[in-house]
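Visitor: Here you go, one structure.
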């Protein structure tokens, strides 16, 4: 087994630094918020979208996980009496474009979704908005590409839906529509079949765990009749042959500022979900869509959701509108998923056992090295003492050898002198 050859330090790092395993099948939340209408008289559609944008940010979804599509800029429209601002209530208590700036504006006392929520709730919101797709970028093609992630490599990551099979996605759309279609900027339309096929591609590519589809338009409920992918809950503002109505107009702005169905969604979310720890369920939100409030037959489709209506209604609202804080879906892990988790736990325990065993072996080796060091030290002392005698004998032998050498040199010199004298005497006699 390869694990047996790993260094102890590496094994310890693997076993001690790995995060605790979790059975949660839901680990992130994303929101796709789309207004499909341009022109000043469709002011309310942009206000609808920005209202949902503000709410999901307040409940914890960061801008990096929100895709905002706005085809027109009502804040900078020359008809806008309040330049640079967008409101969803005639009281104008909240600027949806920049709620931090100090506005010196006349305010009515009429009630509204944001008035009921109360801006003194202590929620700190960042100023401004981050628009991902603006103007002519808001098309059917770009919306389908966004859902299916069919982009060229050069497309910015910040404008992509970077989800996986553990992501819950909220998709909200508003605009003008009809029987099984929704118009994009009065130039093209997306059909219920287009949406159904896009969601199926998302399911096949494992781009979502659960998906909540919401749409506010005329005959809205016809837009989700063709869905066939699992894990989807869909809701709309009006039945077939019914209109979706605006809630009220602002006389100073000159047009309607919010639609009824979206208004009561905000009313519920702003008054019932006061923190990211709220335990409000989707069933309570859906029950809030009464005919007296909405003036049309709002609809909900549950059959595609695992567990059917009961499971869908029991989902927390924050599972789609907020961050994943406190989300507990342990009971939703399928049996094969639990088996996989058990295998990981067994592997992790095996790693820990191996790390402990090798740690003990290293400790034993350290002790043996320490004991061996003491013996080696004694031996080094003995070796240091013994060479002293040998070195002395070597010096004596060297001295002796040196004396014999000088004797040989003396005898050689005498022999040379004798030979020289004999040669000199012989030459004289001649």
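Backbone N, Cα and C define each Cβ position, glycine as well.
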Visitor: From the ranges 73-100, 101-128, 129-156, grab the one TrEMBL calls region 'Disordered'.
Guide: 101-128
Visitor: Looking only at C-alpha atoms, tell me how far residue 218 (active site, nucleophile) is from residue 176 (active site), rounded to the nearest Å.
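Guide: Here the two Cα atoms are 7 Å apart.
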Visitor: So for residue 176 (active site), how many other CB atoms are inside 10 Å of its CB?
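Guide: Result for residue 176 (active site): 18 neighbouring Cβ atoms inside 10 Å.
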